[in-house]
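Enquirer: One structure coming up, written as structure tokens, with questions to follow.
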Amino acid sequence: MMINKQLVLTYLYLLIYILLSSGVILYNKWVLSPKYFNFPFPITLTMIHMGFSGLVAFLLIRVFKVVKPVKMTFEIYLSCVVPISAFFASSLWFGNTAYLFISVAFIQMLKALMPVATFVMAVICGTDKLKCDLLLNMLLVSVGVVVSSYGEIHFNVVGTLYQVTGIFAEALRLVLTQVLLQKKGLTLNPITSLYYIAPCSFLFLFVPWYLLEMPGMEISQIQFNFWIFFSNALCALALNFSIFLVIGRTGAVTIRVAGVLKDWILIALSTVVFPESTITQLNIIGYGIALCGVVMYNYLKVKDVSASQLPPDSVSDRLAKLQELKMEKKSSDLYVPDDTVNKKIGDEEAPLLPPSRFSPSSHSA
């Protein structure tokens, strides 16, 4: 029996993505937690990631010329990159701060709200329409998250607010990516996106860092280990590249299934790595309810994408459906997931990705 090398390579990339995405989240929690490495400065950690990613992207584009820079005008940078960078920085800041207050498992459960947040923002911005089936799915997800929150033993209002705010900041960033960049016809891969967005995000983070974290940072009390921060930033950067590899080799359904699988693995792993994390039966029930809504949402979006890709000479009923889809702005078909995207959020997801392959799910990143 011959082994399909391409298939093996695809599953290898998926495995690398799941391991890196889970690893970055657990690593960030370990670094920030007062019980472990004890570096309770999430803005500083995020700035290290942005600075490192921007530097590597600069070297790859300007020095080694591995990737060609895109044609970026000052007008596009000011009107598109700057606002996207602001919300990207905000989502990472709030998401990483949540690690100080709530468990990784509960954070992953809250991330099930990502499709809800993205759908709400898309409707508000006018890039998607309010539909009954999607609305019911969003309601189901929301009910599941509420049940899961009610069952959380170590529930913390501040941490929950940070995480939910980070989710909505990420959702708005995704909508802005479509509204602003795609209208300009600009496509950025993970390297060029980091080249333009990481430095700008670093500058946005400098203001809250100067006001909130710098006054409380005493050099004598900070536990700084170069290899810890270097390896942490390297893992975050590697996650961006793994997402790029996964996009090129898999379809939307496979990516969504991988995102759901990663969430369950991460929830289980977090209870092993951080024994203080406790998962209750109500947590699982609530997350299961939310997951049913997310899976159904993904199914509907995949079905819509498949219908929109039918050839023009299809039978009449399919043609009618295609024409109907063309009349609508299918913004939510163009989003990055929260495990990559979801990921990011919490984890260091790529700020911009080829959007046609992704839709929000309960990821990463």
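Yeah, the Cβs are placed from backbone N, Cα and C, and that goes for glycine too.
Annotations per TrEMBL:
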TRANSMEM  7-27  transmembrane segment
DOMAIN    12-298  domain 'Sugar phosphate transporter'
TRANSMEM  39-64  transmembrane segment
TRANSMEM  76-94  transmembrane segment
TRANSMEM  100-122  transmembrane segment
TRANSMEM  134-155  transmembrane segment
TRANSMEM  161-181  transmembrane segment
TRANSMEM  193-212  transmembrane segment
TRANSMEM  224-246  transmembrane segment
TRANSMEM  253-274  transmembrane segment
TRANSMEM  280-300  transmembrane segment
REGION    337-365  region 'Disordered'
COMPBIAS  355-365  compositional bias 'Low complexity'
Enquirer: Mind pulling out the one from 134-155, 161-181, 193-212, 280-300 with the most Cβ pairs under 8 angstroms to the transmembrane segment (76-94)?
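Expert: Stretch with the highest Cβ contact count: 161-181.
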Enquirer: Against which stretches of its own chain does the transmembrane segment (134-155) lie, if we need a Cβ under 8 Å and a gap of at least six residues from its ends?
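Expert: That would be 102-103, 106, 109-110, 112-113, 115-116, 119-120, 276, 278, 280-283, 285-294, 296-297, 300.
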Enquirer: What mean pLDDT does the predicted model reach across the domain 'Sugar phosphate transporter' (12-298)?
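Expert: That stretch averages a pLDDT of 90.
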Enquirer: State the residues, same chain only, that lie 6 or more residues beyond the ends of the transmembrane segment (39-64) and have a CB under 8 A from a CB inside it; answer 'none' if no residue qualifies.
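Expert: That would be 28, 31-33, 89, 92-93, 96-97, 99-100, 191-192, 194-195, 198-199, 201-202, 205-206, 208-209, 212-213, 217, 222-223, 229-230, 232-234, 236-237, 240, 348.
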Enquirer: For the transmembrane segment (280-300) against the transmembrane segment (100-122), do we get 3 or more Cβ-Cβ pairs below 8 Å once near-sequence pairs (under 6 apart) are dropped?
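Expert: In contact, yes.
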Enquirer: Are there three or more C-beta pairs under 8 angstroms joining the transmembrane segment (193-212) and the transmembrane segment (161-181), sequence spacing 6 or more?
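Expert: The answer is no, given that the two segments have fewer than 3 Cβ pairs within the 8 Å cut-off.
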